[in-house]
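The structure appears below as structure tokens.
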Number of protein chains: 2
Amino acid sequence: MSDAVSPLAPAQFPSLPPLAGIRLASHACGIRYQGRTDLLVVEMAPGTAVAGVYTRSLTRSAPVDWCRQAQIGGRARVLIVNSGNANAFTGKAGIASVERTVAGAVKTFGCAENEVFVASTGTIGVTLPDDKITAVLDQVKPKLADDCWAEAARAIMTTDTFPKGATRTARIDGITVTINGFAKGAGMIAPDMATMLSYVFTDAALPADLLQTLLSKGVEGSFNAITVDSDTSTSDTLMLFATGQAKHAPVTDPADPRLKDFRAKLFDLLKDLAHQVVKDGEGATKFVEVTVTGAASTRAAKRIALSIANSPLVKTAIAGEDANWGRVVMAVGKSGEKADRDKLSIRIGGIEVAHDGEVVPGYDEAPVTAHMKGSHIVIETDVGVGRSKATVWTCDLTHAYIDINGSYRT
Amino acid sequence: MSDAVSPLAPAQFPSLPPLAGIRLASHACGIRYQGRTDLLVVEMAPGTAVAGVYTRSLTRSAPVDWCRQAQIGGRARVLIVNSGNANAFTGKAGIASVERTVAGAVKTFGCAENEVFVASTGTIGVTLPDDKITAVLDQVKPKLADDCWAEAARAIMTTDTFPKGATRTARIDGITVTINGFAKGAGMIAPDMATMLSYVFTDAALPADLLQTLLSKGVEGSFNAITVDSDTSTSDTLMLFATGQAKHAPVTDPADPRLKDFRAKLFDLLKDLAHQVVKDGEGATKFVEVTVTGAASTRAAKRIALSIANSPLVKTAIAGEDANWGRVVMAVGKSGEKADRDKLSIRIGGIEVAHDGEVVPGYDEAPVTAHMKGSHIVIETDVGVGRSKATVWTCDLTHAYIDINGSYRT
């Protein structure tokens, strides 16, 4: 692991404004890392509503199990995230760690157990030294502030090379609300099972079930549309908290037209964070956008797009700046979804290179070659059987990925 | 692409004996390669029965479409395979190429159209110069001989670093029969859509439908149980030809006990060839055997095993000689198949490193480390929900894979 920042990183962490009802603090408790923060504590105003989307892995971690259960209550007061240890594949000891951490939060913050949410990211299979967390909660509480979003994003990093954040404002019924979010780790791409974690906060006054509807929908075009290496973490977590401090009129129906702007801005923020995760993919040198059109259904379009985006042959070709459309054809074919070989067309950087299942004779290679040398690669394919489409994002597969993931743990 | 032979290659090509009813010849017709053979012609005795298993890709090549159709007749007289050009994604021109090649074979060998089988492997999207094939068939015919199996295996190589062959003898009803086979190319692993092709021949007297039953069953534990990079070719083809020259009594029922030895030897030969394909995986330095036990069904066991074998994180860890069992847990979790996180156990090189969902405290790391330094890696996992099992084989993911696949086509 080098200290080099991804070449795809944004110039700087965005300026996230204070958000009514949210206070954050980070702390160095020495769980695994030295000389950096590894604990994030977020306190939320009473009445904060919560929604969450979690890994579908069947070997998910104890903290994920906890959050799924606690979320049923619909309320959140405290979020505790540590980096350096994932508390995954730790058996009964892992469950006990979560219970002690939650008990510590209840004691310090005076809230209910099911208002406490926890997450852990880092090495797996090692018992979490939760005493290092619970021992400092009383110290951390006075440090809580409303202006330390960048520090929060940094505290949860593992092998990330830059902190990831985004902010948007939206209007609900004439009132301006804020949405702030941060994220870490490109899914399962990091060594030793690091994890994708993302937390989004808003001062909007929206009930938990409505938040859940929005989040479940929003994740489809963002975090569920990115892939680095097709691997899935045991701990992936995306949560949305709404403090309800904004003074707009109540909105309870997800179809309420007054939600239109909020929904758009939330989805845009989720996509922004998801793209940042891909841009920090291990060894990534190119950001790749794959769009499939002409599919039989949206689900089919997405499966075909992911088949292309997950193909090691496609990803190594992109790393080599090779406009190898043959590998795109192959990936369409192996997806298992309906496609018409003899109507297939492919565009790279907007230039049609294949049409009706054959190479376009004498297509202009110069702009395609120039496009492949850039850092934002666009691949479009029409599979010729329907009208549905989908877009997913990934990165290239380079030597650095092998270096990072092939190294000894010890 | 280097000229280096895979470190996992066998010491030499096995000695394949003549097989009654089969004559082979290779030829250099300059389709793409210079200074090597690129055409294989096999003539089979009248009455030879045929079976085949083909790629499931929906963007399959014109030759595959031809073989699937011709095979319905159940008889084979001529097999023509070229390397250097895959005749895939070539539209109507590709279909016309196949038709002209078949017509050429009919003219030279005086057989029926549907007794001719063709295959092409190499670059895709480029029209096959089939005139180079048809022009030489009359020259090639006199060169046909029964002892040039190694030359046959070499003529169909693309980026393979060694020719792949195997032979077995079996007893059917007291009569000894021979099975010879050769193969090329590790599935979709080669640049520009090279392909897995494998042809198996026997002098046994078995009808086409029985051959098909055997082959469809045999492929499950061999070619359908290997993976190099999870990509699937447009042209993968496995065919089995039986000349019927052996003088055993007729056998027509796949369940006939007289087939027991033949079935075992055929399956063993298929597995041998499939393993050779993996051992020539691009950049491979380790042969990896993944066994899953305790699954809910055989299908589930195989899907979990393939999830492990296809995981870039598992494969890079093996390349780095890292006994990273956490990544195995991850791959089990993402497979989508039932597994009990808290009963999961993992063995590496026969040593239990995880048990009941937790690391085995103080397990002896020395033999595990020594095992990872070897070239045959064995990973076993019990997922704790049933009694079904499956084994699959793969190779590690190394820098050489990126080098080979990330290079420019031109």
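Even glycines carry a Cβ here, placed using N, Cα and C.
Summarising the annotation, TrEMBL assigns active site, nucleophile to B:Thr195. Annotation source TrEMBL lists substrate binding site at B:Thr158, B:Lys184, B:Thr195, B:Glu282, B:Asn405, B:Thr410.
Feature map: TrEMBL annotations on the structure.
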| residue | record | Cβ neighbours (10 Å) |
| --- | --- | --- |
| B:Thr158 | substrate binding site | 24 |
| B:Lys184 | substrate binding site | 30 |
| B:Glu282 | substrate binding site | 28 |
| B:Asn405 | substrate binding site | 29 |
- Quick one: of B:Lys184, B:Glu282, B:Asn405, which binding-site residues have a CB closer than 8 A to some CB in chain A? B:Asn405
- Give the three-state DSSP assignment (helix, strand or coil) for B:Lys184 (substrate binding site). strand
